[in-house]
Amino acid sequence: MNDDQSLRQDLDPQSDHSSDYLPHHPHHPSHPLQPQQQPQPQPRRPRGFAATAAGSVGPTSPSTPTTNKGKREREREKERTKLRERLRRSITSRMLAGLRQYGNFPLPARADMNDVLAALAREAGWVVEADGTTYRQSPPPSQIAMGMRSVESPVSSGVRATKSLECHPPHNPSSVVRIDESLSPASLDSVVIAERDTTKNEKFSSGGSPINSVEADQLMQDLPIRPGNHGIGTTAFSTPNPYVPLYVTLATGFINNYCQLVDPEGLRQELTHMQSLSVDGVVVDCWWGIVEGWSPQKYVWSGYRGLFNILREFKFKLQVVMAFHEYGRSESGEALIPLPQWILEIGKENQDIFFTDREGRRNTECLSWGIDKERVLHGRTGVEVYFDFMRSFRTEFDDLFAEGLISAVEIGLGSSGELKYPSFSGRMGWRYPGVGEFQCYDRYLQQSLRRAAKLRGHSFWARGPDNAGEYNSRPHETGFFCERGDYDSYYGRFFLHWYAQSLIDHADNVLSLASLAFDETKIIVKVPAVYWWYKTSSHAAELTSGYYNPTNQDGYSPVFEVLKKHSVTVKFVCSGLHISSQDNDEALADPEGLSWQVLNLAWDQGLLVAGENALSCYDREGCMRIVEMVKPRNDPDHRHFSFFVYQQPAPLVQGAICFSELDFFIKCMHGEIAGDLVSC
């Protein structure tokens, strides 16, 4: 029977297929025990005890309303099934047509999913035999010589492959690629098989057995990217040394705490130096504590207006940061740029607006996420305060948005402007590589924890862990973070999930309003690099910072799903690359392993990824390691950062940085110098 006949039969309401939707039951006309002279139409089928009673008294009258209703429901279900089948066939037809037309796949005229999977497998370099046996085959030497070979990633991840891939057929064991046990996960993902089956132009058999879902997923991952299809999360199908725009963060100090522009001539000298280095743009922090510093909803933008006018003269692209945290500390311990004074006044009366550790110490670096929806800030909630600030900025500088001078806006979401809890506060005595402390003991977050525990059915779980140590503890010194510790108990998993979900909810709430304030403007979110204790099973430092990422959990994908929802660009802090191997071993740190996980998960979510250096990474060796991260040489999809932000320890005019070193770094980013040809 051909496809047209099958379709006409499916659309025929009198088709025999209508019986397929009726469950097998003794009262069905086709059942051998049912008398053949039963009247039509078929009455509604009784079930359970009703079926027993109906068997003793005979079928119900076909004229009853219940029978008519059941018949109508069955007819509706038949129509819905037909519509679903039409849609399925239409989608399949378009998919097959696209593969034939644009992918040059020689699929049979009546191809099924087995043919599609077999074609994709052969295109990826796999061998698919007629009986469905599928295995990988090593590439020929000619393609290895062209550069399409298995390479080992420079990433030194703590996780190792434990066994070789066993997928070869019995009759040809020598043709199978075996993965060395010393390869890292990055190495496994960067194996590119380029050999194509010699029978590509022949008709593929449709009689093979189906390939299972695990093999299908692997085939899709190994499918080589074609020109014009840039892969998931890539900004372009790039050349080996692409151009990555470089922005420089403008040094703090050109705007004072009264929002006045300080030293405009010094600013022009600074921008002249940047222009001579071919910098693409400038990043400027707009501090909440300066603009709305003295009275609620009284915004003073005059200093930033003067600064942006000077930037306009130099025709730099501009990224602005909505900085909702404090900045720096003086020798006396006071913040150089604190939170608004009216916020601090509220905090004197209600200290629970700030993050709080287990000992009750308050951290005034930023507001607690517990007040995001609590009207404790002169009648406004936390997210309303953030939204009013962002809306004021968007209204004040509407002309700069219209001109295209402001290319992106970064939203501060936590400590240091990064999406994290303030768990590693130096003022609280924290020193690297301490595990930090959970910051959930203010009244509002405790109320949220009690609600979550009650909903879970275990009200006694409404507490923070009492054996998680203190700021400078090591994981093995605590009962919570140690090997087989309480972090993996029923209570531990509940608490850590709630703690991480609070971070995700905060990001979702603020970004929802940021998308309204900055419609059609690129939004950036900074993600931290908490790399110490990454080689332990608990990942203790990540847990206290809000990322539920032990070895048996993926703590970043749920965060990236929310960021993908709001179409943001992830700016990853390239930190830890300057730490010596001895210090890394002591802290069981793995900055390369963490960056490999974070970047690949973000790219897999389809997110754009950018980077920013830590202030300590500005020597030649640190810069070259950053270039390796920005442009991964061994990425089979040729993915790279969409831009990079260079943080300078001091203004360029002060000469704290060697110009030749910075010039070299910028040329590496712009693709003018191949960074991999220069030894660190």
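Placement of Cβ uses the backbone N, Cα and C atoms for every residue, glycine included.
Here the structure is a predicted model, which means the values were calculated and not measured.
What TrEMBL annotates here:
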COMPBIAS  1-23  compositional bias 'Basic and acidic residues'
REGION    1-86  region 'Disordered'
DOMAIN    69-203  domain 'BES1/BZR1 plant transcription factor N-terminal'
COMPBIAS  70-84  compositional bias 'Basic and acidic residues'
ACT_SITE  E418  active site, proton donor
ACT_SITE  E612  active site, proton acceptor
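For E612 (active site, proton acceptor), the same-chain residues lying six or more positions away in sequence with a CB closer than 8 A to its CB are K526, K571, F572, V573, C574, F644, V645, Y646, Q647. Annotation for the residue listed as 'active site, proton donor': spatial neighbours K526, V527, P528, V573, criterion Cβ-Cβ under 8 Å with sequence separation of six or more.
The DSSP breakdown of the compositional bias 'Basic and acidic residues' (70-84) into helical (H, G, I), extended (E, B) and coil residues amounts to 15 helix, 0 strand, 0 coil.
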